[in-house]
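Feature annotations, courtesy of Swiss-Prot:
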- Cys120: active site, nucleophile (ACT_SITE)
- Cys48, Cys51, Cys97, Cys100: Zn(2+) binding site (BINDING)
- 9-131: domain 'MsrB' (DOMAIN)
Amino acid sequence: MNYEVNKSDEDWKKELTPEQYRILRQKGTEMAFTGALYKNQDKGTYVCAACGAVLFSSDTKYESGSGWPSFYQPVKDGVVDKQKDSSHGMERTEILCSKCGGHLGHVFNDGPRPTGLRYCINSASLKFQKE
């Protein structure tokens with residue numbers, strides 16, 4: 001896919017922390033229950049740590065028990081891209097930032113109403129902007 005923000009690996013390595021680079025650019029996953037934003041309950045907006053695109057609102061964040069920040073929907077349609085992920089012997093749907101292609105996490109069909117979806121997102125993929 002072509003993304004609005006398109007940088008070389010060298011540039012991403014300069015701009016991101018090693019953990020952010022591993023997750024956002026190499027499709028890594030942080031350990032459950034360790035992310036800085038996992039327990040965050042402040043009101044505000046969650047943006048892509050790589051490009052600053054607005055992705056999720058605290059209004060749709062909920063405690064899923066998964067160990068990662070979980071949301072039942074993005075702030076609006078089109079801010080995340082979905083693609084099939086068959087890694088690690090599993091069939092999942094990967095979530096990417098639609099502006100820079102950064103790996104955010106995965107979406108599952110076991111979330112609460114009104115969507116029934118659980119966007120399971122790595123804390124390192126996000127930055128929080130408090131209201």
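Glycine too: its Cβ is placed from the backbone N, Cα and C atoms.
Features per Swiss-Prot, on structure.
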residue	record	DSSP (3 states)
Cys48	Zn(2+) binding site	strand
Cys97	Zn(2+) binding site	strand
Cys120	active site, nucleophile	strand
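If you take the C-beta of Cys48 (Zn(2+) binding site) and look for same-chain residues 6 or more apart in sequence within under 8 angstroms, you find Leu55, Cys97, Lys99, Cys100, Gly102, Leu104, Ser125, Leu126, Lys127.
A gap of 19 Å separates the Cα atoms of Cys51 (Zn(2+) binding site) and Cys120 (active site, nucleophile). Annotation for Cys120 (active site, nucleophile): same-chain Cβ neighbours under 8 Å, separated by at least 6 residues, are Ser64, Ser66, Trp68, Pro69, Ser70, Gly105, His106, Val107, Phe108.
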